[in-house]
Amino acid sequence: MNLFSSFTLMTFSILLYPILLSFTDQYNNNLFPNHVKTSIICAFLFSLIPTLMFINSGYDMIISNWHWMTIQTLNLTMSFKMDMFSMMFVPVALFVTWSIMEFSLWYMHSDPYINRFFKYLLLFLITMIILVTANNLFQLFIGWEGVGIMSFLLIGWWYGRPDANTAALQAVLYNRIGDIGFVLSMAWFLMHSSSWEFQQRFSSQNSSNILPLLGLILAAAGKSAQFGLHPWLPSAMEGPTPVSALLHSSTMVVAGVFLLIRFYPFIKNNQLVQSIIMCLGAITTLFTAICALTQNDIKKIIAFSTSSQLGLMMVTIGINQPYLAFFHICTHAFFKAMLFMCSGSIIHNLNDEQDIRKMGGLFKTLPFTSSELTVGSLTLTGTPYLTGFYSKDLIIESANTSYTNAWALSITLIATSLTAIYSTRIIFLLIRSKPRFVPLSPINENNPLLNNAIKRLLIGSIFAGFLITNNMTPMSIQQMTMPWYLKLTALIVTILGFMMAMELNNLSLYFKYKTTSQHVKFSNLLGFFPSTMHRLFPNTNLLISHNSASTLLDLIWLEKSTPKLLSSTQLMDSTLSSNQTGLIKLYFLSFLLSMLMVTMLII
């Protein structure tokens, strides 16, 4: 086990080398991005050794070698939890990041601040690894906030664009809502046990309390873009494509799901919390799949597919299968990163065009990228024997084993069929149809940095599911029998989705609607959620605040209470006391009244 811990710490040390190098003169060198890529390659190779040792032994290990401080009865230490989740996730994250870094060398080659960009990407990965390997809430919170800060810096990388700045702020604000739940949960754990260590937390008797679990659900909903806190995820597409690939595959968006997986010993004993997670995930996976149907921005379609898959992971946790949720995290990383990199290649070759209606016929002009985009889309839908099939099929099978999951299962099956529909739509509009882009676009995909990066992820999208299935503990699963129609549910639903997509494509060639239907508007406008939450409620609050300030403060207090009251009182007094009006009728009336009074007095 000493060798195990040594290689693990060596992996982390290799990743820190480029960060330390950035404080020297080498940071301004053009070779700094290559140093970062080489460090990630070495870290990936070193991480395979402790992973294979763990697969062989199957024993968890905790590395605790630095005591930071003691606050009364609270001990803050830096400790790493080397269990199945961390040991399987770290090589996957490093492998995917290796490909993204190599892709970034091609995609960001003309950026004047490419060295800083690579440094931020590396910090993004390091903070995610800190989150995954943390053995206490304090260290996990460092990684949690780290991925949030780095996402803000990377989403707003092109800070000269107002949309990028807005998207970065939106990501921070929505995640702040989730952070409130995380901080409150940390405070509850500290008050009731005086410890943030996972071993002490899981062995305590307070696991039945629902309050900290609700805080963790809120935190996971914010970080993993669940329904209600989801608008920041498609808006984050304003960042560079390598950022989108890393953010959606193996870093920030899966952090919320991983948080619930890490705290699963609490969740498994609380059926109400499991039901909340299952319902939240089911609503998210269906709503975002509906939104993806009519989007025209290729990156936003893939972003909504990510949110839909995150909802599926939440459903998996809700049906008492955290290991399957983690398995789907690992398989999802490969094909989602490949989809973003393929879309980035297409966007780059078409002069930053992202509208799929202005593409088409790319199989002849970009055959390599188009082929891998097709494979990635098929993997996303759960095509048999590709990586996505191994996890999605098991999830739907597990949901089929209990009638209590019928509601979530039905919604998940509908979302799975919709996944096949919008994936087929991408394939039809980008590859099969006629070219609709500017003919003068300089198209060239013959770059080894681009091709090698996507090839590695293509191999992962085909074989990673099989490899992880056969090396993920437990090695053998309990035998069970079920009807053949339940076993083939995922495949049947996917085929139905493909058939529906083909039928809709044929109908669109012959039928033209004069007006857009309300259903299409609901999908295209994201369920009217941004216009409601970002416009209606803020404008209503501003209007109420403006009217309250102008009516209550200005008109009543400042005008009628002090200066205007004095002026009106003085005007009334002066009017009553003054008899010089200049009107002959009033003078004659006053004369008559005076004569009348004198006459009455004499008589």
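Note that Cβ sites are derived from N, Cα and C of the backbone, with glycine treated the same way.
Taken from Swiss-Prot, the feature transmembrane segment covers 3-23, 39-59, 87-107, 117-137, 171-191, 210-230, 272-292, 301-320, 325-347, 411-431, 482-502, 583-603 (among others).
Contacts between the transmembrane segment (301-320) and the transmembrane segment (583-603): absent, as fewer than 3 C-beta pairs lie under 8 angstroms at sequence separation of six or more. Residues of the same chain lying 6 or more positions beyond the ends of the transmembrane segment (87-107) and with a Cβ under 8 Å from any Cβ of it are 11, 33-34, 36-37, 40-41, 43-44, 47-48, 50-51, 54, 114, 117-118, 121, 125, 128-129, 132-133, 240-242, 245-246, 249-251, 258, 326, 329-330, 333-334, 337, 341, 344, 348, 447, 449-450, 452-454, 456-457, 460, 464, 468, 472.
Same-chain residues lying 6 or more positions outside the transmembrane segment (325-347) and placing a CB less than 8 Å from one of its CB atoms are 85, 88-89, 92-93, 96, 99-100, 103, 107, 241-242, 244-246, 248-250, 254, 257-258, 260-261, 298-299, 302, 305-306, 309, 312-314, 316-317, 353-354, 359, 362, 366, 369, 372-373, 375-377, 379-380, 386-388, 390-392, 394-395, 430, 445, 450, 453-454, 457-458, 460-461, 464-465, 468-469, 472. Proximity of distant same-chain residues to the transmembrane segment (117-137), defined by a Cβ-Cβ separation under 8 Å and at least 6 residues beyond the stretch ends, is recorded for 12, 15-16, 18-19, 22, 27, 32-33, 36-37, 39-40, 62, 64, 76-77, 79-82, 85-86, 89-90, 93-94, 97, 100-101, 104, 108, 111, 143-144, 146-147, 149-151, 153-154, 157, 186, 189, 196-199, 201, 240, 242-243, 246-247, 250-252, 255, 258. Through the fold, the transmembrane segment (171-191) approaches residues 74, 137-138, 141, 144-145, 148, 151-152, 155, 201, 209, 211-223, 225, 229, 231-232, 235-236, 256, 259 of its own chain, all at least 6 residues removed from its boundaries and within a Cβ separation under 8 Å. For the transmembrane segment (272-292), the list of distant contacts is 210, 213-214, 217, 221, 225-227, 230, 234, 260, 266, 300-301, 304-305, 307-320, 405, 407-408, 411-412, 414-415, 418-419, 422, 522-523, 526-527: same-chain residues at least six beyond its ends, Cβ to Cβ under 8 Å.
Counting same-chain residues at least six beyond the ends of the transmembrane segment (411-431), those with a Cβ under 8 angstroms from any Cβ of the stretch are 282-283, 285-286, 289-290, 292-293, 295, 298, 301, 305, 308, 311-312, 315, 346, 356-357, 359-363, 370, 373-374, 377-378, 380-382, 392, 395-396, 399, 489-490, 493-498, 500-502, 504-505.
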